[in-house]
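These notes concern the structure reproduced below.
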Amino acid sequence: MVMLRSLLVSALAALAAGSPIAEPADQSLEARQLGSSNDLTNGACKDVTLIFARGSTEMGNMGTVIGPPLCSSLKSKLGADKVACQGVGGLYTGGLMQNALPQNTDPGAISTAKSLFEQASTKCPNTQIVAGGYSQGSAVIDNAVQQLSAEVKDKVKGVVFFGFTRNLQDKGQIPNYPKDNVKVFCAMGDLVCDGTLIVTAAHLTYTINAPEAASFLASKVQSA
């Protein structure tokens, strides 16, 4: 697996020209199981709506590394009947090559995420929106939030990033969005957070951060 990652990084480095890139999550059978949630698009409105974008090559629309654990932790803290979890699917394919684009993902992925924020605002006008992104998914959410109207952006109470691929470029925050409402998790040794193409084992460790991230989002919702 180490050799595979090295080959992928080497092959994409020339194309990326210094842009950070996320690599596949755990290749085990368990990690290949689908992880999806469509509480917003298919379910009833809840007090809180979590919109999450998975990392490159992760299955489903929530992935496996941190999406489902974050959803579960947030429901545990706020109540399962109070939280809707929605993964970003559609035009966001989680492909590796998209990491090399200027926004570290592609316009279709950003548009898909943006539409989910807007759907949450219109379908559920009283819901409080929170969001999260892992690896390439962090770039998806970062760019989507930047493009929201002031009205919708005001409903986004908190955002968490894991292995933030635009951490260096955007200085650990989302441009034109309150810095105090963003929490970035960068594991020690995760060089993706330093704006490099070097993917280490640390990039796959964010499952353990689910409770802390959920606590942060819950605190933003409760103080709103």
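Placement of Cβ uses the backbone N, Cα and C atoms for every residue, glycine included.
So that you can see what the record holds, here are the features copied from Swiss-Prot:
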- 1-18: signal peptide (SIGNAL)
- Cys45-Cys124: disulfide bond (DISULFID)
- Ser56: site 'Transition state stabilizer' (SITE)
- Cys71-Cys85: disulfide bond (DISULFID)
- Ser135: active site, nucleophile (ACT_SITE)
- Gln136: site 'Transition state stabilizer' (SITE)
- Cys186-Cys193: disulfide bond (DISULFID)
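Here the features listed in Swiss-Prot are painted onto the structure.
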| residue | record | Cβ contacts under 8 Å, 6 or more apart |
| --- | --- | --- |
| Cys45 | disulfide bond | Ala84, Lys123, Cys124, Asn126, Thr127 |
| Cys71 | disulfide bond | Ser37, Leu50, Phe52, Met62, Val83, Cys85 |
| Cys186 | disulfide bond | Gly163, Phe164, Asn167, Cys193 |
- Item | Fewest-neighbour residue among recorded positions, criterion Cβ within 10 Å, set Ser56, Ser135, Gln136 | Ser56
- Query: Do you know offhand how many angstrom separate Ser135 (active site, nucleophile) and Ser56 (site 'Transition state stabilizer') by C-alpha?
  - Reply: 7
- Out of Cys85, Cys124, Cys193, which of the disulfide-bonded residues has the smallest number of neighbouring Cβ atoms within 10 Å? Cys124
- Message: Using the alpha carbons only, what distance in Å do you get between Gln136 (site 'Transition state stabilizer') and Ser56 (site 'Transition state stabilizer') once rounded?
- Response: 6
